Structure formats: C-alpha cells, structure tokens
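K.L.:
The structure follows.
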Amino acid sequence: MTENLIIHVDMDAFYASVELLDNPELRGQCVIVGGASNRGVVCSASYEARALGVRSAMPIVTARKLCPRGVFLPVRRARYQEISRKVFEIFHQYTPLVEPISLDEAFMDVTSSTRLFGSGEEIAANIRRQIESSLGITASAGIAKNKLVAKIASDLCKPNGLLVVPADQTQEFLDPLPISRLWGVGPASRNKLISLGVKTIRDVRKLTQEMLSANFGRNGEVIYAFARGMDDRPVEPPGAAKSIGREITFDRNVYTLEEAYKWMLFLSERVARRMRKEEATGRTVNIKVKYADFIQVTRSVTLESPTDDPGEIYTHAKKLLQKTLVGSKAVRLLGVTLSQLVTPGQAWQPGLFDDPTASERKRKLNQALDGIWDRFGSGTVEPAALVTDVAKHNLR
C-alpha cells in the first residue's frame with residue numbers, strides 16, 4: 001500500500017515579496033505591507049522587518065515603533081491575486097489535488113504523481129525552482145505523510161527551504177517540538193497544557209485520551225491524534241464534494257478481526273452503492289474505528305485512480321483495518337468513507353496501469369446489482385459472507 005505523500009507549499013513573505021519584485025530598489029530594506037497610515041494591521045513584512053520584531057496582524061502603529069525607517073506600503077490585492085494564480089498554475093502541473101489555504105499557501109497530494117515526476121522531494125524542489133525562476137519570488141515546502149506534519153515542516157524550514165519528514169521518522173521529528181506547533185493548540189490550550197506539566201509534543205503523548213478529552217472536549221481527541229503524527233484529513237480541492245460514508249455502532253462489541261472484516265465488507269458495499277447513486281467516484285478510502293473504551297482512530301489511503309467499486313473499497317479498507325488494534329481490542333463502531341470525490345463534470349486522467357476492460361466489467365456488474373436492489377429492495381443480493389449477519393441484525 002502506497003504511503004500518502006503530501007506537500008505543503010508556503011510563499012515566503014508573499015505580499016512583501018511581490019512588492020520587492022515590483023520595486024527592486026527596496027531590496028534590503030524593511031518593507032511592511034498594510035497601509036501608510038497608523039490605522040490597520042500588518043499584512044506582510046519582509047524578513048528585514050521581521051528581524052526587528054514586526055509580525056503579521058500587528059498594529060501598524062506598533063510596527064512603526066519597532067521599525068521607524070521601514071517602508072510602509074498599501075495592500076494591492078489584485079496584484080497579489082495575479083501572482084497567486086501563476087503560482088497555482090505551477091502546482092497544477094504536478095497534481096489536480098491542490099487545496100488552497102490562502103493566496104500564498106496550499107496543500108498538494110502527490111501520492112500518484114511520483115511515477116511521472118519523481119520523488120516528493122524532487123517534485124517540491126522543481127515547484128520551488130519554477131516559482132523562483134518564472135516569478136522571481138521564493139517558497140518553502142514541507143513533505144510528509146500527512147497535512148499536519150507537512151505544514152509543520154514547511155514552517156520550520158522558512159524562508160526559502162525544503163524539509164522532508166520520512167514517514168517512519170514522523171514521531172522522532174515531532175517529539176521535541178513545543179506544543180504550540182500542533183494545530184488546535186492556541187494560547188488558551190497551550191496555557192492549560194503547561195499547567196498539566198506539558199511543554200513538548202513528547203509530553204502530550206504521556207497524557208491519556210480520556211485526560212485530554214476531559215480538559216479540552218472534542219479537541220482533546222484531535223490533540224491526542226496529532227501528537228502521535230496521525231492526521232487522515234485528505235487534500236480537498238475547492239468545490240469538491242467532501243465525502244460519502246457510512247458507519248455502524250454495534251449492539252454488542254466486535255472482538256475478532258474476521259468479524260470486523262465482514263462489517264467492513266458490508267459498509268464498503270453500502271458506500272459504493274451510494275457513490276454510484278451520486279454518480280461519483282472517490283480517491284481516498286478512510287476507515288474509522290471506535291474501541292469499547294471510546295478511543296477513536298482513523299486510517300486512510302489515496303488510490304491511483306478514483307473508484308466506486310465495492311471490492312476495491314473493501315480491499316483497501318481491510319488493509320487499513322490491519323493497521324489498527326482491531327482483533328486485540330473490543331470494537332463498538334466501524335466506519336468507511338470515500339473522499340476526494342470525482343464527479344462526471346470533472347476530468348480525470350486514468351492511471352498508466354489501469355485496465356479499461358476490467359473496469360468496464362466491474363461497472364456492468366455493479367449496474368446489474370443496483371438494478372436488483374432498486375427493484376427488489378436493498379440487501380436483496382449480498383456477498384455470501386454477509387448473508388447471515390445482515391439478516392441477524394436486520395441491516396439493509
């Protein structure tokens with residue numbers, strides 16, 4: 001199973017860099033974008049100004065005190081948008097899976113791009129090189145197995161840097177970092193964690209999920225997962241439907257992997273049918289497991305090509321399940337979701353090794369099954385492994 005490969009690209013002091021691009025005589029000076037008057041806040045500052053303590057969102061009047069000889073410029077949003085469009089055109093040369101965060105920042109899922117463009121590091125290096133050579137500004141990039149770690153990596157290598165975090169070194173990378181590096185940990189949460197004796201991400205991992213949930217509510221589950229480098233949020237291009245999924249809470253706990261496999265097959269069949277009804281396919285298979293002790297984990301994998309085939313969904317869901325503690329811990333809930341959806345109006349380049357004949361056979365078989373379900377009711381035809389369980393639990 002291919003490990004997800006996510007790149008986070010963040011332009012360096014974007015607004016200020018565009019101003020320096022258009023006004024090269026200002027290079028080396030403290031350039032502060034946000035307005036010429038004392039009203040308003042700093043939108044961007046050159047690294048010379050940052051060295052004196054100027055930061056984004058700081059009141060202009062404060063920035064003037066820190067940097068009295070600074071060059072204060074008004075915001076030119078149309079110009080920044082123009083450059084941003086060119087930056088994103090470069091991103092889309094490598095993958096259609098680009099999630100903008102702002103004009104100057106984006107996530108890219110390049111899991112399926114490596115066959116054409118080389119490793120994640122090569123892709124990120126080429127993107128940065130193209131941006132600098134064609135636009136005259138610089139960018140920093142972090143590469144990791146998920147969005148959380150890629151974002152932290154790009155933050156740590158600014159300005160004009162590139163940092164790769166191999167999947168098997170994720171925890172080693174995170175552990176020594178201060179808790180403020182974790183998404184979801186703002187000033188209030190940070191102060192509360194410090195009161196619990198927590199300063200680093202390693203310290204967070206010493207706390208149980210129950211303790212974190214008691215102190216931070218639902219955000220406690222997020223902090224618990226992020227401290228372990230777990231982040232299964234997919235890269236979501238704008239306008240894309242988020243996901244289609246189904247989950248089931250059991251009347252009695254599931255104890256064996258074999259029984260869990262049956263329910264994953266059941267869920268995969270239902271999700272696939274819903275996908276076909278919506279005329280959508282999905283690229284990322286996600287599973288959710290909630291154990292009897294209410295600890296919840298998620299796992300995901302991004303496919304080479306989008307699918308609505310129940311067998312393919314189940315195959316990947318089963319492999320993901322093997323990465324959990326199912327079989328050694330009792331389970332009260334299982335879920336399967338497809339995300340990164342592709343609809344008929346969206347173009348998609350098939351994978352180099354896709355078999356169109358096999359895909360067509362699967363499509364016709366699934367259409368036939370859909371016809372039977374539509375005519376005689378949901379669950380009329382089930383995989384043999386499910387017949388007894390579905391009837392026993394009255395599930396359709």
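Any Cβ shown, glycine's included, is placed from N, Cα and C.
The annotation domain 'UmuC' is assigned in Swiss-Prot to 6-186. Annotation comment: Swiss-Prot describes ASP10, ASP104 as Mg(2+) binding site. As annotated by Swiss-Prot, site 'Substrate discrimination' applies to TYR15, with the evidence given as sequence analysis. Swiss-Prot lists GLU105 with the feature active site, giving sequence analysis as the kind of evidence.
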K.L.:
About how far apart, in whole Å, are the alpha carbons (Cα) of ASP104 (Mg(2+) binding site) and TYR15 (site 'Substrate discrimination')?
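P.N.:
Cα-Cα distance, ASP104 (Mg(2+) binding site) to TYR15 (site 'Substrate discrimination'): 9 Å.
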K.L.:
I want to verify one value. Collapsing DSSP to three states, which class is ASP10 (Mg(2+) binding site)?
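P.N.:
Strand, per DSSP.
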K.L.:
Cβ distance under 8 Å to GLU105 (active site), same chain, sequence separation 6 or more: which residues?
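P.N.:
When sequence neighbours closer than 6 are ignored, GLU105 (active site) has HIS8, VAL9, ASP10, MET11 within Cβ distance under 8 Å.
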K.L.:
What are the non-local neighbours of TYR15 (site 'Substrate discrimination'), defined as same-chain residues 6+ apart in sequence with CB under 8 A from its CB?
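P.N.:
Sequence-distant Cβ neighbours: VAL33, CYS43, SER44, VAL75, TYR80, ASP104.
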K.L.:
So, in DSSP terms, is ASP104 (Mg(2+) binding site) helix, strand, or coil?
P.N.:
coil
